[in-house]
Amino acid sequence: MKFSYNPALRNARIPGEETIRSQYFKNETAVISDGMMYCAATVDVSGWGPSNGQVFTYKENQRYFLLLAAGSAITSGLTQHSTTAVSSSRLLTDYGAKGSTGLSSTVRKRLIKAHAILMILAWFFFVPTAVMFARFLRASWPTMKPGGLLIWFHVHRTFNTIAILLSIASFICILTANSWEWTGPGSQSSDWGKKHTMVGIFALCLCWIQPFVSAMR
């Protein structure tokens, strides 16, 4: 067992962790059985001084997540995990708590991919096409007026509507993948993740306000 912490999405060893570990962990055991590695220890959770916030300190009223990571072992140690799972948040004293164990890593990855694909389709195909028809093709097909409207307007309106629907679906996908938790400023997300969240919300607001702007013309 080693002491490390996670600055953003990286993992780093805590300086002097050997000393901390010797006083933090007691009764350590490790067994390999049937191709599985099992580790156990008694952990002191009272903290390691006020100046080292990298070491876990138990707080009675704090809700925690149980994280699970699984990966392969090699001769020199453990490889980067390939499977992850997370429990619902709960108090550590709530031994009888039951609830969802969260999405599997496979489902979460699929939702994130769906979020990306839907956004790419919305912003790099449907929105540009709608703009192109409104900007350059107004004079095309002047005699064709389905429903009394020119072709360019039908395409412009339809493609913008599809883009809005795709952005809503994409937004729901990423919220579901992140368990409907805030990932912007003030969260535990990486710096890039916080910026991505804010840029995304700004873009979505601009997208969703367009129908109201059009209705007010």
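Placed from the backbone N, Cα and C atoms, the Cβ positions cover glycine too.
Noted in TrEMBL for the protein shown:
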TRANSMEM  64-82  transmembrane segment
DOMAIN    75-217  domain 'Cytochrome b561'
TRANSMEM  114-137  transmembrane segment
TRANSMEM  158-177  transmembrane segment
TRANSMEM  197-216  transmembrane segment
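Through the fold, the transmembrane segment (197-216) approaches residues 122-123, 127, 160-161, 163-164, 167-168, 171, 182-185, 189 of its own chain, all at least 6 residues removed from its boundaries and within a Cβ separation under 8 Å. Per-residue pLDDT, averaged along the domain 'Cytochrome b561' (75-217), amounts to 84 for this model.
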